[in-house]
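Student: Provided herewith is a single structure, encoded as structure tokens, for subsequent inquiry.
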Amino acid sequence: MFSNKKYIGLINKKEGLKKKIDDYSILIIGILIGTNILSLIINIIGEINKPICYQNNDKIFYCPKDWVGYNNVCYYFSNDNGNNYTTADNKCKQLNNSTLANNLTDLLNLTSFLNLTKLYHHHSHYWVNYSLNNNYSVPLIDSKYNLNRKKSHYTDLLFICSK
């Protein structure tokens with residue numbers, strides 16, 4: 001009978017140890033799941049609050065949705081039309097205090113990359129000119145203008161903002 005008590009005691013100790021291992025395993029799994037959920041929430045919030053045009057020495061650069069990033073500058077290509085330079089400049093200022101893209105080297109590289117050129121008319125109605133494959137130009141301007149003494153088709157004034 002004495003040997004039976006030792007046997008029962010050993011069984012109880014093994015069951016107690018197994019129960020502790022099970023309890024700790026559940027606790028560890030719960031902590032891992034909790035930290036994964038927490039990191040997922042932080043990542044989602046981070047995407048919502050992503051900086052608009054953020055640049056620093058770490059070479060991290062973000063542009064807002066519908067903007068194009070090129071050479072650490074954000075560009076916005078309008079889809080709506082404006083009447084003149086002043087209207088376009090005001091629309092750019094409404095977009096995160098951005099300024100109207102001007103004739104800077106970076107903009108020239110970008111417009112060259114996108115097959116765009118800039119056309120000046122010496123008045124307030126000038127804008128970006130898109131060169132087609134056959135070198136026929138479609139000036140994006142709201143006034144009538146003959147390019148190289150040829151009659152051209154015109155579209156509404158489009159604009160580019162940069163930040």
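Glycine is treated like the rest: Cβ placed from N, Cα and C.
Annotation comment: Swiss-Prot describes C63-C74, C92-C161 as disulfide bond, evidence class similarity to another entry. Marked as N-linked glycosylation site by Swiss-Prot on the basis of sequence analysis: N84, N96, N97, N103, N109, N115, N129, N135. Per Swiss-Prot, the feature region 'Lectin-like' maps to 63-162. Summarising the annotation, Swiss-Prot assigns topological domain 'Cytoplasmic' to 1-26 and lists similarity to another entry as the type of evidence. Swiss-Prot lists 48-163 with the feature topological domain 'Extracellular'. According to Swiss-Prot, the feature transmembrane segment maps to 27-47.
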Student: For the C-alpha pair, I'd like the distance in angstrom between C63 (disulfide bond) and C161 (disulfide bond), rounded off.
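Tutor: Taking the Cα atoms only, C63 (disulfide bond) lies 12 Å from C161 (disulfide bond).
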Student: Could you find out if DSSP has C92 (disulfide bond) as helix, strand or coil?
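Tutor: In three-state terms, C92 (disulfide bond) counts as helix.
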Student: If you measure C92 (disulfide bond) to C74 (disulfide bond) at Cα, how many Å is it?
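Tutor: Checking the Cα atoms of C92 (disulfide bond) and C74 (disulfide bond) gives a distance of 12 Å.
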Student: Whole-number answer please: how many Å between the C-alpha atoms of C161 (disulfide bond) and C74 (disulfide bond)?
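Tutor: Pair distance, Cα basis, whole Å: 8 Å.
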Student: Among all protein chains shown, how many Cβ atoms are found within 10 Å of the Cβ of C63 (disulfide bond), not counting that one?
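Tutor: Result for C63 (disulfide bond): 20 neighbouring Cβ atoms inside 10 Å.
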Student: CB neighbours of C74 (disulfide bond) within 10 A?
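Tutor: Counting Cβ neighbours of C74 (disulfide bond) within 10 Å gives 22.
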Student: Specify the secondary structure state of C161 (disulfide bond) as given by DSSP, simplified to three classes.
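Tutor: Its secondary structure by DSSP: strand.
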Student: Can you check what DSSP calls C74 (disulfide bond), collapsed to helix, strand or coil?
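Tutor: Once the DSSP labels are grouped into three classes, C74 (disulfide bond) ends up as strand.
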